[in-house]
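Sequence annotations record features per position, and here TrEMBL assigns active site to 17. Per TrEMBL, active site, proton acceptor is recorded for 65. According to TrEMBL, the feature Mg(2+) binding site maps to 17, 198. If you look up TrEMBL, you'll see 18-22, 30, 34, 62-64, 66, 68, 179, 185-187 marked as substrate binding site.
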Ligand code: IPE
Ligand code: IPE
Ligand code: MG
């Protein structure tokens, strides 16, 4: 018997990196890479249910990305605005529930309202929970959770819920964490939630990532042996 014969709906998370390099390599402005990246989000999200992924958490803009030139930040915010405007109907139609994770108080005018509207319009979705992290820092999320404790004595489970924020029934723990673009670092993403995540790094730049790459990552995940600090599961007799 395979250990984990029924993997159950997985929680996958992706650090969508490499947009800028993809564009620069083609003599295009970095924003062209970010534009292409939106299409990767769509095709990757739509491939999830058939691959057994029930929750997909995407890193779209980090709290540290505000340091980039104003032109790039402005372009990314315009892209977020148009994503919310153009994709919400399609998300609802494909049974996708959208949540946006991260700080909202530093986002440009109108975007927090657009996020709330998109979340409300997709709240009935049950095929996929798509979580997009914007102005997100895992360390800030942990600090914010600690500030909400108010003298309570937390457990891993209760504190994890505070760190992760509203999960709408999705698991807090990330099973499979993918980073595109060739770098092998976490860049302040899901530090709590990825405690036992399987890590998958690919050279593929995010604008070129698609269902085949995701399927490959899931297949590799299926071949890993997760031990959670214990020992290899004992072999079950052939008759089982
Ligand atoms: C990831 O691509 C998207 C964001 C961080 C907004 P990058 O913009 O970091 O692309 P590279 O890493 O410079 O190629
Ligand atoms: C991480 O990528 C953030 C996102 C993908 C949104 P960065 O490109 O910002 O990370 P570093 O700077 O290479 O660590
Ligand atoms: Mg990058």
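Each residue, glycine too, has its Cβ placed from N, Cα and C.
Checked against ligand 1, the binding-site residues 18, 20, 186 give 18, 20 in sequence order as having a Cβ less than 6 Å away from one of its atoms. Less than 6 Å separates the Cβ from ligand 3 in the case of none of the binding-site residues 63, 66, 186. A Cβ distance below 6 Å to any atom of ligand 2 is met, among the recorded positions 17, 34, 65, 186, 198, by 17, 65. The two recorded residues, residue 198 (Mg(2+) binding site) and residue 17 (active site), have Cα atoms 18 Å apart. Rounded to a whole number, the distance between the Cα atoms of residue 186 (substrate binding site) and residue 17 (active site) is 11 Å.
A coil conformation is recorded for residue 17 (active site) in the three-state DSSP classification, outside any helix or strand.
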